[in-house]
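S.K.: Got a structure here, written out as structure tokens. Questions coming.
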Amino acid sequence: MFARSAATILAFVLVTLTAATPAYYAPGTKTTSVDKAVPAGQCNVGNQQCCNTVQEASSNPVAGLLGLLGVNVQDVTGLVGLTCNPITGIGGLNSNCDASPVCCENNSFGSLISIGCIPISL
């Protein structure tokens, strides 16, 4: 009799704790899927960037950076690249990018952030 009561109480406690525990989402782990990459030849050479991170403008770290720069998140189209470097080479050919090669519209924030990016294939 006691074993049955203890098992019932234990099951109730476990269910209660599981239901009351908030879900954990690790910051910065949001991934973005892209259906089709633009060929590098269709992007202006000066706009080709190799970014360490590419995320949606609404993601937590990117939205915070955009806010500090005075950029409205709702006005951003495309992805946002962080810590980007220009891809050198004629038309992006024979260039090497081990991170995320993207074509960005607005690179006016130096190498910290590039706005309006779309993935490209080199």
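Just so you know, glycine gets a Cβ as well, placed from its N, Cα and C.
As annotated in Swiss-Prot:
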SIGNAL    1-20  signal peptide
DISULFID  C43-C103  disulfide bond
DISULFID  C50-C97  disulfide bond
DISULFID  C51-C84  disulfide bond
DISULFID  C104-C117  disulfide bond
CARBOHYD  N106  N-linked glycosylation site
S.K.: Within 10 Å of C103 (disulfide bond) by C-alpha distance: pick out those among the disulfide-bonded residues C50, C84, C97, C117, and say none if nothing qualifies.
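M.R.: Of everything listed, what lies within 10 Å of C103 (disulfide bond) (Cα to Cα) is C50, C117.
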S.K.: Taking the Cβ of C50 (disulfide bond) as centre, how many other Cβ atoms lie within 10 Å?
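M.R.: Taking all protein chains shown, C50 (disulfide bond) has 21 Cβ neighbours within 10 Å.
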S.K.: Hey, what's the Cβ neighbour count for C103 (disulfide bond) at 10 Å?
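M.R.: So the Cβ neighbour count for C103 (disulfide bond) comes to 25.
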S.K.: Taking C97 (disulfide bond) as the reference, which of C43, C104, N106, C117 (the recorded positions) have a CA within 10 A of its CA?
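M.R.: Checking each Cα against C97 (disulfide bond), there are no hits.
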S.K.: DSSP three-state call for C104 (disulfide bond): helix, strand or coil?
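M.R.: Note: C104 (disulfide bond) is in a strand by DSSP.
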S.K.: Determine, to the nearest whole angstrom, how far the Cα atom of C84 (disulfide bond) is from the Cα atom of C43 (disulfide bond).
M.R.: 16
